[in-house]
Amino acid sequence: MARTVNLKGNPVTLVGPELKVGDRAPEAVVVTKDLQEKIVGGAKDVVQVIITVPSLDTPVCETETKKFNEIMAGMEGVDVTVVSMDLPFAQKRFCESFNIQNVTVASDFRYRDMEKYGVLIGEGALKGILARAVFIIDKEGKVAYVQLVPEITEEPNYDEVVNKVKELI
């Protein structure tokens, strides 16, 4: 059966595998706002938080990114990346407008590698962009936490994310 999330109550199908806690986190190449490639996933010397959002130009994604920027401000030993399909130029403008400095904002426009995380929307008005989700990857490169937000227009559970990150760092 196809995996779905809802857009204003209507189901949309997701493309790619369903990652579960304990799975190896695939490496994915994204492009930062400064046009540099960054690899997310896999084993690293820090805990990784990979946040996928549909577009920074929407109110919920804007709020979510600003909130994670604020929440992660004092955390050491964690690398946070917010990934959308927005072009890096728009992401740079967004980061400058809202003083986003504590998370990396990156785009999946070049390789569509986030399909490896099963969050690419495969149909409907949002086909080709990313669903709202949060993945926490431990230092060994294993998925430690997954939150696929069931309704695209809603924010994730921030407290769950923070608690899991604190547990791992």
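The backbone N, Cα and C atoms fix where each Cβ goes, glycine too.
Since this is a predicted model, take the numbers as computed values, not measurements.
Positions annotated as active site, cysteine sulfenic acid (-SOH) intermediate by Swiss-Prot, on the basis of sequence analysis: Cys61. The Cβ of Cys61 (active site, cysteine sulfenic acid (-SOH) intermediate) lies under 8 Å from the Cβ of Val53, Pro54, Ser55, Ser84, Arg132, each of which sits 6+ residues away along the same chain.
Residues or ranges marked as disulfide bond by Swiss-Prot: Cys61-Cys95.
Residues or ranges marked as domain 'Thioredoxin' in Swiss-Prot (evidence: sequence analysis): 19-167.
Per-residue pLDDT, averaged across the domain 'Thioredoxin' (19-167), gives 97. A helical conformation is recorded for Cys61 (active site, cysteine sulfenic acid (-SOH) intermediate) in the three-state DSSP classification. Within the domain 'Thioredoxin' (19-167), the DSSP-based counts of helix, strand and coil residues read 42 helix, 43 strand, 64 coil. Take the CB of Cys95 (disulfide bond) and look out to 10 A: across all protein chains shown you find 21 other CB atoms.
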